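So that you can see what the record holds, here are the features copied from Swiss-Prot:
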BINDING   M52, G200  substrate binding site
BINDING   R127, T173  ATP binding site
Amino acid sequence: MNTQPADFSAAQAATSLTQFRSAAPLVHCLTNDVVQSFTANVLLALNASPAMVVDPEEAAQFSAVADALLINVGTLERTRAEAMRAAVNSAHQAGTPWVLDPVAVGGLTFRTEFCRELLTWKPAAIRGNASEIMALAGLAAQGRGVDSADDSLAALPAARELARQVGTIVVVTGAVDYVTDGERDIAVTGGDSMMTRVVGTGCALSAVVAGFCSLEGDRLSHVTAACYVMALAGQQATSVSQGTGSFIPHFLDRLYTLRAEDLA
C-alpha cells in the first residue's frame with residue numbers, strides 16, 4: 001500500500017466522464033428531504049437519470065432494476081429506514097451497486113447504529129466527511145451535524161481500515177478529497193470553500209459516486225473521477241459567481257457543459 005496518496009490525472013477523469021455520459025445510469029436516490037431537487041438536477045446535468053422512490057415495497061422493486069442506489073441518512077426516520085433496508089437488500093441480491101452517505105453518524109445514536117447495520121450488505125462505496133468516516137470506523141471524531149471538525153487527511157487511516165473491513169471504497173471529502181480501497185489511496189484537489197456554503201454539494205456528490213460505481217472497469221478510478229468532476233465544476237463555478245445565490249446555477253451549468261476534452 002502506498003503511504004503517500006497518488007494524484008489523479010485529468011485524462012483518467014475524462015475517460016470515466018465519457019463512459020458515464022454514454023451509459024446515462026438510472027440512479028435510485030433514497031436521500032434526505034433537503035437535497036432531493038438539487039441532487040436530481042446534478043445527476044440530470046451529467047446525463048444520468050435520477051429517481052426517488054420511497055415506499056418500502058416500491059423501493060425494493062425499483063432498486064432491483066436501477067443501475068445504482070444511493071442511501072443518504074440525512075433526514076432519517078423509522079419509516080424511511082424500512083424503505084432503505086428493503087432497497088439495500090434488493091440491490092444486494094440483484095448485484096446493483098449502492099453507496100452509503102452516513103450523514104451525521106457518530107453524533108446521533110439511531111443513524112449510527114443503522115448505518116453500521118447497513119454495512120453488512122456491502123456498499124460499493126461510502127462517501128462522508130472526516131468526522132463521519134472516523135465515527136463509522138469506530139474512532140472518536142469531532143463533528144456537528146453535516147459539518148466536520150476533523151481534517152480529511154487525518155481520517156485517511158480510518159478510511160483505509162473501514163475499506164478493508166467492509167470490502168468497499170471509501171471517500172473522505174474535505175479541502176482535499178481522499179479515495180481509498182484500503183490498499184490504494186488517491187488524492188483529489190480542487191473544489192472551493194464556496195461548495196460548503198450551499199446545501200447539498202456533498203450529498204449530490206454521493207449520488208454521482210453511485211452512478212459512477214455502475215460503470216464497467218476499475219471502480220476506484222471511476223469513484224475518484226466522480227470527485228474530480230464535481231470539484232472541477234465547483235472551482236470553475238466559483239470563479240464566475242458573485243456569491244452562494246449565483247453559485248448553484250453556474251455549478252449546474254458547468255456540469256452540463258463539461259466534456260472530456262475539457263479535462264484531458
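Keep in mind that glycine also has a Cβ here, set from the backbone N, Cα and C atoms.
The two recorded residues, T173 (ATP binding site) and M52 (substrate binding site), have Cα atoms 24 Å apart. The two recorded residues, M52 (substrate binding site) and R127 (ATP binding site), have Cα atoms 19 Å apart. Cβ neighbour counts within 10 Å, taken over all protein chains shown, single out R127 as the most crowded of the binding-site residues M52, R127, G200. Here G200 (substrate binding site) is positioned 13 angstrom away from R127 (ATP binding site), judged by their C-alpha atoms. R127 (ATP binding site) falls within a strand segment according to DSSP. Other Cβ atoms within 10 Å of the Cβ of T173 (ATP binding site) number 28 in total over all chains. Under the DSSP three-state reduction, T173 (ATP binding site) is assigned to strand.
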